[in-house]
Structures are given as C-alpha cells and as structure tokens.
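Student: So Swiss-Prot lists these for the protein:
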BINDING   9, 10, 11, 12, 13, 14, 15, 16, 87, 88, 89, 90  ATP binding site
ACT_SITE  88  active site, proton acceptor
BINDING   145, 147, 182, 185  Zn(2+) binding site
C-alpha cells in the first residue's frame, strides 16, 4: 500500500539530493517517476530540481493554482507512474496536500515530499503544517549549525548581514540570504537584532 512521506529539515540538509537519489533508484529499476518543484523558486533553472552537489533533474512546475492530483492522474493514464517526488513542498496549499493524499490512498502511488518545516520566524509553512499532520511517515533530514549542534532553524539576513525577524514569509534566496542554525544561536541572533532595532529608535 502506497504512503505519503514528508522529508523535512532546515536549509542545506540535502533535501534535493535525497529526492534526486530516490528518483534515480526508481528509474534504475525501469520505473517511472514524476518530479515536481515550485514555480516560485527561481534560484536555479526553471523546470529543474537542482542539488548543491551538482545533480539535477527535469521537473514539472506547480503553483498554488495547480491541481496536482489531476496532473498526476493524467500522467498515470499515459504511462504508469511508480512514484511522485515533490521538492519545495512547503509551498503547497492545504488543498494540494489533500490532493496528494488522495493520489496515495486511491491511486496507490507513493508520494515523497521534501521541504522546510519552518520559516525564518520559526513558524510553519502551510504545506509543512498539513504534511506534519497528514503524512504517513515523517523523516527529519539533519544538518548542522556552525557550532556543531543540529540546525533546526533558519535565519534570514538583510543586505548588510543583520538578522531579520519580521517581513514576508516567502523571499526566495540562497546562502547569501539564509543560514541554518541551532535554536540557541537563532535566539541569540534574533535578540541581538531586536536590541539593535530598539537602540536605533
């Protein structure tokens, strides 16, 4: 019986690398996979999943308006789909999570989702919230803070290198804008940013 998996982490834990390896494993056995990534993520070439170690794969794009369930079923009618892999799944909506649950339950296709658990404020993304609630399997992919502890938070920085603790949830960027840290160093950076803001008023 197919299951819905949520592989989550902070940034730079190898989520895309893990997705690409899983897709390769299916393909090597002659099985067809569908790979999705978020249209909003413009860090790399559009229509591709790219890993920091240089691996890449073509991908179907999704926006918040995409009916992923219908798209998967149409592809499955053309040629059997053995597994669906979704990168940047934190950008999925509640309705889209419901759609992929139905794909798993009624079409018997495993769905592997890879994404961030929380944003730079430490708050859940909508997609992550419902995957944490509804996925059959939750798998944490680990990365480390500069101190060596497990990194479970993401800091966002402004153009001058100062930590930011408010603003829009989505602001696409890479290592120049975000860094994964442990809770202790996240709180220290945020408290310092709040202190500096207060001092400048």
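Positions of Cβ are set from backbone N, Cα and C atoms, glycine also.
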Student: Taking the Cβ of residue 15 (ATP binding site) as reference, which residues of that chain separated by at least 6 in sequence fall under 8 Å from it?
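Tutor: The list for residue 15 (ATP binding site) reads 7, 9, 87, 114, 115, 141, given in order along the sequence.
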Student: Measuring Cα to Cα, how far is residue 11 (ATP binding site) from residue 147 (Zn(2+) binding site) in Å?
Tutor: 16
Student: By a simple count, how many Cβ atoms lie within 10 Å of the Cβ of residue 13 (ATP binding site), its own Cβ left out?
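Tutor: For residue 13 (ATP binding site), the 10 Å Cβ neighbour count is 22.
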Student: How many Å separate the Cα atoms of residue 147 (Zn(2+) binding site) and residue 13 (ATP binding site)?
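Tutor: That separation, Cα to Cα, works out to 16 Å.
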Student: 11, 89, 147: which of these binding-site residues has the sparsest Cβ neighbourhood within 10 Å?
Tutor: 147
Student: Determine, using Cα-Cα distances only, which of these binding-site residues is closest to residue 88 (active site, proton acceptor): 13, 182, 185.
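Tutor: It is 13, whose Cα lies nearest.
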Student: In which DSSP state, out of helix, strand and coil, do we find residue 145 (Zn(2+) binding site)?
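Tutor: Residue 145 (Zn(2+) binding site) sits in coil per DSSP, no helix or strand.
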Student: State the count of C-beta atoms found within 10 angstroms of the C-beta of residue 88 (active site, proton acceptor), not counting that atom itself.
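Tutor: Within a 10 Å radius of the Cβ of residue 88 (active site, proton acceptor) lie 26 other Cβ atoms.
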Student: In whole Å, how far does the CA atom of residue 182 (Zn(2+) binding site) lie from that of residue 13 (ATP binding site)?
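Tutor: Roughly 13 Å, rounded to the nearest whole number.
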Student: Using Cα coordinates, what distance in whole Å links residue 185 (Zn(2+) binding site) and residue 89 (ATP binding site)?
Tutor: 26
